[in-house]
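What TrEMBL says about this one:
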TRANSMEM  12-34  transmembrane segment
TRANSMEM  84-105  transmembrane segment
TRANSMEM  117-139  transmembrane segment
TRANSMEM  159-182  transmembrane segment
Amino acid sequence: HLPSMRTPTEMIVGLVLCPCGLLLTLTGTLAPSWRQVSLVPDQPIDVVWEQGIWDICRERQSTHDRLCGQADELGYFEQVPVRVAQGLMPSSLVVTLVGLVVAALGVRCWQPQPRHLVAGVAGLVLLLSGLMSLVPSSWYTQELWALPAPPGSTLTVGYSLVLSYLGSCLEILGGLALALSFHHCCKE
């Protein structure tokens with residue numbers, strides 16, 4: 001019985017989805033647009049405030065003038081969902097990188113056969129990293145309208161929050177796919 005040189009499908013799926021999830025989560029973590037505040041009283045009608053977990057930017061949409069590093073006058077960064085996101089999002093990125101390194105070691109790198117146990121462990125690590133970024137994204141969404149904002153302004157979800165959600169889901173799906181490698185361990 002000759003060993004198959006084909007990489008198992010679940011490993012390929014995991015190694016495609018997880019790096020994509022990493023890029024989306026990284027963008028969502030760094031970009032300052034988890035929430036958009038528009039129609040702010042005493043401001044021109046085309047001014048939009050973009051609030052992220054690290055920065056607040058003010059953009060005038062008619063001229064596309066954008067100024068980041070705005071003062072946090074309302075205590076936005078002191079809110080618990082924002083603080084949790086500041087801790088868990090970078091931690092999730094580090095755990096994802098560790099999971100991808102372990103996955104690379106398990107998925108046939110320098111070996112004629114994949115190491116199913118190592119790939120399965122990598123899947124669990126990547127699943128954990130996806131959950132670590134899904135928790136702050138979900139909590140922030142839940143508290144979006146409760147976070148401080150000027151009275152009478154309009155609040156909307158920003159693209160960074162959407163990218164964080166999508167990245168989390170891709171990491172979870174990729175982690176689950178790699179965790180299916182445990183099935184081969186049981187057969188052996």
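Numbering starts at 1 and runs along the chain as it is shown here.
A Cβ is built for glycine as well, from the same backbone N, Cα and C atoms used for every other residue.
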Recorded stretch, among 12-34, 84-105, 117-139, maximising Cβ pairs under 8 Å relative to the transmembrane segment (159-182): 12-34
Residues of the parent chain within Cβ reach of the transmembrane segment (84-105), under 8 Å, 6 or more residues beyond its termini: 11, 14-15, 18-19, 21-22, 25-26, 28-29, 34, 53-54, 115, 118-119, 121-123, 125-126, 128-130, 132-133, 135-137, 139-140, 164, 168, 171, 175, 178
